[in-house]
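Comments concern the structure below.
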Amino acid sequence: MGNSKPLPTISCIIVSVLYFSFYCITPTSSSASIQDQFINCVKRNTHVSFPLEKTLFTPAKNVSLFNQVLESTAQNLQFLAKSMPKPGFIFRPIHQSQVQASIICSKKLGIHFRVRSGGHDFEALSYVSRIEKPFILLDLSKLKQINVDIESNSAWVQPGATLGELYYRIAEKSKIHGFPAGLCTSVGIGGYMTGGGYGTLMRKYGLAGDNVLDVKMVDANGKLLDRAAMGEDLFWAIRGGGGASFGIVLAWKIKLVPVPKTVTVFTVTKTLEQDARLKTISKWQQISSKIIEEIHIRVVLRAAGNDGNKTVTMTYLGQFLGEKGTLLKVMEKAFPELGLTQKDCTEMSWIEAALFHGGFPTGSPIEILLQLKSPLGKDYFKATSDFVKEPIPVIGLKGIFKRLIEGNTTFLNWTPYGGMMSKIPESAIPFPHRNGTLFKILYYANWLENDKTSSRKINWIKEIYNYMAPYVSSNPRQAYVNYRDLDFGQNKNNAKVNFIEAKIWGPKYFKGNFDRLVKIKTKVDPENFFRHEQSIPPMPY
């Protein structure tokens, strides 16, 4: 696979988010435990039997196994600390009817739920409830069937499947089909799709949410709906309105997109000294959203070197839908400052490019996509996001570099927009960050277990976020919903959602689409059955 090497950093914090919460009332009084009542109720409301030893996990029965299941897909390790709230038990359904039954029974018994597919959400809302306790966890990891139909250029995908599994199953059937989804192959489809979902094909084909054809979803009454049954308003809301507000999607029908047999990837790293006048990073800001849509170039900025000799590296990771000869000609004309050469480029298939961007070692077999784990491991981290509308001037860049050097184990990921992202109206789906957006920033800081610098790293995120205010979007200052940040604000306890408070953080994620989301929520879930710390609120009665 040539000289291009994946950057061993951030692929798996380009994440997905699946958090669903369930209505909570005063628990039913009974001699039997809530756990027993729940299981008995589910059995009465499903036609598919299930072995308890494979579907029910409790700390009382087997704390080791319970912890193993709880931790299995949790990606942000700070939320597995002993001080964090834990579910009373975990139920892992093996059939969609058991998800329907879980909703029906939660209403009857007054149990508060969180639902998880891949566990990559930044604030752990899919497996931690700060606002309502006790709660239980519905784990969808066993609902992972994928049916690819090349003749119709489509596929049905269940929420527990990962992006890597989806990519593998597509490539298994065709070398010239793909799907515009994310870099991190261990992300679960379930939540990823609900936030819109972006990746290296976004400039050519838009978001994952832009390429959804149909769904199967369970609503607040436990009813199974498809696109025709739910209507276009609800279908619109669930393709980018964030998980946990409208229902549980049990399967997505997605549109496959054409990809060439040959894809070219490249990696070019420049230090601050090599780009002392900042011409390369400045030119990237100008052209990355305007270059032909077959090219996607993201940049990772981070500190490097020893304490006495620190610098900043800017790593340009690119993908071109075509052969390297064509790429080099385009880059020489549009972005000569990068100095891209033939030896920087590697030709490969689309599925091999997925391995490259996922951070897998060069030469890894594509079957590694079925292992479900990220090659980069898990992390203790804090992250947030911004959207940039105008190029950041040199003085602003210098302030960023200064803070990166001070932050140590921190980095920024800049993802270019433009292309198809500028052509799709911001009201097409709830994800509104379209025409006029140059690039998105991910701010990221990580630390080790029991690291005394954790509070400093969290403060670093807050400080650089404040510093960047003059250089990013405003009124509202926008953010990506799949990069949830509770520092923007959150709903309060129980079902008492303050619409005024939600108006503070809601437009950050959705801009003007937030009001439409609230209207749809009020219509389909007026009792606020599905909720979490940043779920869409219904209008007050």
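Cβ from N, Cα, C; glycine included.
Keep in mind it's a predicted model, so treat the numbers as computed, not measured.
When Swiss-Prot is consulted, the disulfide partner of C41, picked from C12, C24, C105, turns out to be C105. For the pair N408 (N-linked glycosylation site) and N309 (N-linked glycosylation site), the C-alpha distance works out to 12 angstrom. Cα of C41 (disulfide bond) to Cα of N62 (N-linked glycosylation site): a span of 22 Å. The disulfide-bonded residues listed here are C41, C105; among them, C105 has the most other Cβ atoms within 10 Å of its own Cβ. Cα distances from C105 (disulfide bond) to the glycosylation sites N62, N309, N435 are smallest for N62. The DSSP secondary structure for N435 (N-linked glycosylation site) is coil. Taking CA atoms as the reference points, N435 (N-linked glycosylation site) and N309 (N-linked glycosylation site) are 41 Å apart.
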